[in-house]
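Asks: Please read through the structure below; I'll follow up with questions.
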Amino acid sequence: MTAMTHTPMRARAEIDLAALRANVRALRARAAGAQLMAVVKSDAYGHGAVRCARAALDAGATWLGTATPDEALALRAAGFDGPLMCWLWTPGGPWREAVEAGIDVSVSGMWALEEVTAAARAAGRVARVQLKADTGLGRNGCQPADWPELVRRALEAPDAVKVTGLWSHFACADEPGHPSIDAQLAVFHDMVEHAEKAGAEPEVRHIANSPATLTLPASHFDLVRTGIAMYGVSPSPELGTPADFGLRPVMTLAASVALVKRVPQGHGVSYGHHYVTPAETNLGLIPVGYADGVPRHASGTGPVLVGGTWRRVAGRVAMDQFVVDLGEDVVEPGDEAVLFGPGDRGEPTAEDWARAADTIAYEIVTRIGSRVPRVYVDEEPGSPDS
Ligand SMILES: Cc1ncc(COP(=O)(O)O)c(C=O)c1O
């Protein structure tokens, strides 16, 4: 992995854009024949939306996807003028701004169709609308029973609405063989067929997220929407490691050791004294905490590489810091503590933290807070901050 050569700072999340580009190319190879939408919602799962969007497009992604309209509008403001979709709308949302910006908007129900139709007419533009089918996830999307009406109403307003996409989302794609996968695919085929028979001519039909992109070619249709795999994290440990899929983790989270001190045996450590030194020892202070996204739930368990050895968080993770027991090892203030990264320098991975905090690796990378500067490496020459 690239050595960290920059000025030491309290903490940093190093974002390896060369890895991201290679991941996008690997995913495109798996879904040859389909376009790839780079899912960059939630600031690209904590990696930085603008830089990651640019890198993904450089590597052959043709679409960008976000959850909220504000995220999509921010990408337009940053100069991304290609295909862009957002899918999480609430009543009174910025429909008109999205229509005027040429953003594909997702519609799951009649209230949304009515709002986007009115906004398009007010703007004197035709809205690009992707109809979302609930094929079994039971979250957003239109139920099969309500689909004929939604499709009919969308197609009867061609002055205001163009149906550019038909799409859905899986519930259990990270569990290959789960019976819901084939069931959802069958429902999706039916709902697409119904809409097309009714006159829809979508540019794209899509249902695959990262796990489906990696394991289920029958789900690729015209487009795959990849998030977590693009960031080099496996959608689930049961599915395989990133390396099994030719992927490399993009984010490395590191901090500078803030203090090393000798304490006697029997010394309580951090709030609540949930760790007590078993012998006289050296404690190391790691200056990141739950305000930075280090899960408090990983108190006593989260792994960190310091001085060439894995340590566990000793006691509680606090808002801004936690402590590790260094034993007799020689570690100096300013030495690097690596919480997670690709794993090939011996450091833990986001998956290790997910296990320690009883969560998924998606959450580990996405929750890294804005107080942690992102340091971009391997940007293409010519990009604004390279
Ligand atoms: C609608 C939709 N599509 C695609 C994705 C990308 O999923 P993944 O990160 O598993 O690729 C998400 C993320 O949760 C999503 O909400």
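Residue 1 is the first one shown; counting continues down the chain.
Cβ atoms here come from the backbone N, Cα and C positions, even for glycine.
All annotation found in TrEMBL is predicted automatically rather than curated by experts.
Quick paste of what TrEMBL says about this protein:
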- K41: active site, proton acceptor (ACT_SITE)
- Y271: active site, proton acceptor (ACT_SITE)
- R139, M319: substrate binding site (BINDING)
- 10-37: coiled coil (COILED)
- 250-377: domain 'Alanine racemase C-terminal' (DOMAIN)
- K41: N6-(pyridoxal phosphate)lysine (MOD_RES)
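Burial and contacts for the listed features, if you can.
Replies: Long-range C-beta contacts of K41 (active site, proton acceptor), restricted to its own chain and to partners at least six residues apart, with a cutoff below 8 Å, comprise G65, T66, A67, T68, E71, G227. Under the DSSP three-state reduction, K41 (active site, proton acceptor) is assigned to helix.
DSSP assigns Y271 (active site, proton acceptor) to a helix in the three-state reduction. Using a 10 Å radius centred on the Cβ of Y271 (active site, proton acceptor) and all shown protein chains, the other Cβ atoms total 12.
The Cβ neighbour count for M319 (substrate binding site), using a 10 Å radius over every protein chain in view, is 13.
Residues 1-2, 4, 46-48, 51-52, 55-56, 58-65, 83, 85, 204, 206, 208, 210, 213-214, 217, 220-226, 229-232, 245-256, 258, 287-288, 292, 341-342, 368, 371-380 of the same chain lie 6 or more positions beyond the ends of the coiled coil (10-37) yet place their CB under 8 Å from a CB of it.
Confidence annotation: the domain 'Alanine racemase C-terminal' (250-377) carries a mean pLDDT of 98 in the model.
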Asks: Between Y271 (active site, proton acceptor) and M319 (substrate binding site), how far is it from one CA atom to the other, in Å?
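Replies: For Y271 (active site, proton acceptor) versus M319 (substrate binding site), the Cα atoms are 11 Å apart.
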Asks: When the domain 'Alanine racemase C-terminal' (250-377) is classified with DSSP, how many of its residues are helical, how many are strand and how many are coil?
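Replies: Each residue of the domain 'Alanine racemase C-terminal' (250-377) counted once, the result is 23 helix, 46 strand, 59 coil.
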Asks: At a 10 Å cut-off from the C-beta of R139 (substrate binding site), count the other C-beta atoms across all protein chains.
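Replies: If we count other Cβ atoms within 10 Å of R139 (substrate binding site), we arrive at 10.
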Asks: Could you check what DSSP calls R139 (substrate binding site) once collapsed to helix, strand or coil?
Replies: coil
